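Presented below is the structure to which this report refers.
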Amino acid sequence: MEEIVLLFAIVSLARSDQICIGYHANNSTKQVDTIMEKNVTVTHAQDILEKTHNGKLCSLNGVKPLILRDCSVAGWLLGNPMCDEFLNVPEWSYIVEKDNPVNGLCYPGDFNDYEELKHLLSCTKHFEKIRIIPRDSWPNHEASLGVSSACPYNGRSSFFRNVVWLIKKDNAYPTIKRSYNNTNKEDLLILWGIHHPNDAAEQTKLYQNPTTYVSVGTSTLNQRSIPKIATRPKLNGQSGRMEFFWTILKPSDTINFESNGNFIAPEYAYKIVKKGDSAIMKSGLEYGNCNTKCQTPIGAINSSMPFHNIHPLTIGECPKYVKSDRLVLATGLRNTPQRKRKKRGLFGAIAGFIEGGWQGMVDGWYGYHHSNEQGSGYAADKESTQKAIDGITNKVNSIIDKMNTQFEAVGKEFNNLERRIENLNKILEDGFLDVWTYNAELLVLMENERTLDFHEANVKSLYDKVRLQLKDNARELGNGCFEFYHKCDNECMESIRNGTYNYPQYSEEARLNREEISGIKLESMGIYQILSIYSTVASSLALAIMIAGLSFWMCSNGSLQCRICI
């Protein structure tokens, strides 16, 4: 009779109403790394490393780049005849120059402080070309005979369009004294040069005077150059060389030129009408008729991600370059569906006791599952889910905002005398990239650890919220579930979910059921103890009889000798 009562109580207990706290799970296979674990499968994750580009040169914020094609910056500014398409250019967002453009200094020579000039262009977005000394204003010198086969145009000898190579006239080269006052409101970029002949014969043939100079002065510049006559190997068919110079003439300042030979005079200058962040980018790509906020030499990036690994040289509002191959930020929970439980991580299952997630709960990250006489079902806790979503979204957006940098570094150029500085600069830049990469990877690992811990804490908080309401009206099953000692219909379940559960209303029913179950357990324990003692005694007696019978049989057939000594 007692066994029947116990069985009935156990069956009744198994059918008691229950409410469980759990979390969302899905079919996601996305994995993230944390400080302590690798390849943790999560329900949701966000890739924050951009790896793709469009392979094109694009306008930057609606402004086209100045793509110099086969011309160099020097060829463009001096006016190489093969660069006539760039005689007048509109505003640019950045300048594109090939690695080794063929149309540079057609007449061989050097461009003094060329790298500094390029640096100036990285802060300039528009030039306006103006004439400062007309070509026909040199009555005592030949202004049209200064041409060379090294700078051909339509099969004939020509010269740079924006400067004038002055030659002697009527076997005389009178000393030049010419000034220009900058009456503009903008700074002026002025270029000039000096010719270094191959020998003395060429010197007198072109300039008559055997000893010459070129002197240039402004309020900040005082320069005097003397031609260097020397025998040199031919380049572009020329043994002579030309050296070009530049300066910035401020408004109201005056530039003075004085020379008695070898002078390459400016005809045009460049008014700097718009300054701003620009750059000279080395690339062989063509314009792709597109628009972007971030450009690299190998293509444009259109991404809101905070990091990229496409190219270290960029211009615009770009993600931060890192050397990483993978940066994935966890936004969801550990993905451990109940049907396929996985190995516990460092901190065990979520909240320490809930072993599996619910794929049936699709409208929230955390929630409840109940079962009673009216049925069963899932219900998400939308308040805690929304708070978690807002917190993680704000965190991701904060990371993106902090990492987005405007007009990121573009490669610097150094002349031949600065190679050691260039090498040091590369070492420093590589070091900075290594540090940024390490910081980015560490940031992701730490944030992923915090996110997963954050979700676990939210589940635990939801569990504690239910536990504190139910008190002793239900018992904890140890798997995230509570078993009621009273009937709990759907209205009762809803009151628990919204935090309005009326403990006193159900406490008496719960107490009676709890005491009844406890009494049955105690009675069943007494029965089990009697049965246990009876079983032990009976087993021992049977074993003793078996041993005695075996001994008697062995003595009777002589297999065992029995002696009784008194």
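Our numbering is plain: 1 for the first residue shown, then up by one each step along the chain.
Using N, Cα and C of the backbone, Cβ positions are placed for all residues, glycine too.
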Cys20, Cys58, Cys151, Cys290: which one closes the disulfide with Cys106 in Swiss-Prot?
Cys151
Check Swiss-Prot and name the cysteine among Cys290, Cys294, Cys318 that pairs with Cys58 in a disulfide.
Cys290
Which candidate in Asn39, Asn557 appears in Swiss-Prot with the annotation N-linked glycosylation site?
Asn39
Rounded to an integer, what is the Cα-Cα distance in Å between Cys71 (disulfide bond) and Cys318 (disulfide bond)?
28
Under 8 Å by Cβ from Cys106 (disulfide bond), counting only residues of that chain that are 6 or more apart:
Gly75, Asn80, Pro81, Met82, Ser148, Ala150, Cys151, Phe160, Asn236
If you run the three-state DSSP split on Cys492 (disulfide bond), which class comes out?
helix
Among the disulfide-bonded residues Cys71, Cys294, Cys318, Cys492, whose Cβ has the fewest other Cβ atoms within 10 Å?
Cys492
Residue among recorded positions Asn39, Cys290, Cys294, Asn302, Cys488 with Cα closest to the Cα of Asn498 (N-linked glycosylation site):
Cys488
Return the residue, from the listed glycosylation sites Asn181, Asn498, with the maximum count of other C-beta atoms within 10 angstroms of its C-beta.
Asn181
Within the chain of Cys488 (disulfide bond), which residues six or more apart in sequence place their C-beta under 8 angstroms from its C-beta?
Asp17, Ile19, His370, Asn372, Ile496, Tyr506
Sort out the sequence-distant neighbours of Cys290 (disulfide bond) for me: same chain, 6+ apart, CB within less than 8 Å of its CB, listed by position.
Asn54, Lys56, Cys58, Ser59, Ala300
